[in-house]
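Peer 1: Quick one: the structure is below, questions incoming.
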Amino acid sequence: MSMKYLMLLFAAMIIRSFANSGNAIETTLSEITNTTTDIPAIRLCGPEGDRYCFHGICIHARDIDGMYCRCSHGYTGIRCQHVVLVDYQRSEKPNTTTSYIPSPGIVLVLLVSIIVCCLLFVYRFTRRTNKLPLQDMVVP
């Protein structure tokens, strides 16, 4: 039953803000006061809730027996204490060139290592098989 009143309040605030400002969804304190007079179960918190909401307006719902915050644009949380951060990395297309930069470097290092190993193997193999004395190598 209390959610019904809260939904009715927010629907009235949104409709009223669209009617007054065209496309902006911003609610002033006077709009909430005018809306809550129609619904006696929901009212502004008063002096006990002045500092309850950090970035928003405090509303007291009788059925819930507690305070509820209507956050200003750009804030979220139970007491409107968190700033809504926009993640720009997800909105942009990922840069594919930076993801391929390590690949050629790794391939180049592997290729050079294989070539060096092959040259060392050939050098040692030919050195062992060709251990001939120096006088035999001299051509007459």
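Easy rule for this one: first residue shown is 1, then count along the chain.
Cβ from N, Cα, C; glycine included.
As the structure is a computational prediction, the values presented were derived from the model and not from experiment.
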Peer 1: In Swiss-Prot, Cys53 sits in a disulfide bond; tell me which of Cys45, Cys69 is on the other end.
Peer 2: Cys69
Peer 1: Quick one: pull the CA-CA distance for Cys69 (disulfide bond) versus Cys58 (disulfide bond), whole Å only.
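Peer 2: Cys69 (disulfide bond) to Cys58 (disulfide bond), Cα-Cα distance: 5 Å.
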Peer 1: Cβ neighbours within 10 Å, counted over all protein chains: which one of the disulfide-bonded residues Cys53, Cys80 has the most?
Peer 2: Cys53
Peer 1: Spatially speaking, which of the disulfide-bonded residues Cys45, Cys53, Cys58 is closest to Cys80 (disulfide bond)? Use C-alpha to C-alpha, please.
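Peer 2: Nearest by Cα distance to Cys80 (disulfide bond): Cys53.
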Peer 1: Cβ-Cβ under 8 Å from Cys58 (disulfide bond), same chain, 6 or more residues apart: which ones?
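Peer 2: The list for Cys58 (disulfide bond) reads Leu44, Cys45, Gly49, Asp50, Tyr52, Met67, Tyr68, Cys69, Arg70, given in order along the sequence.
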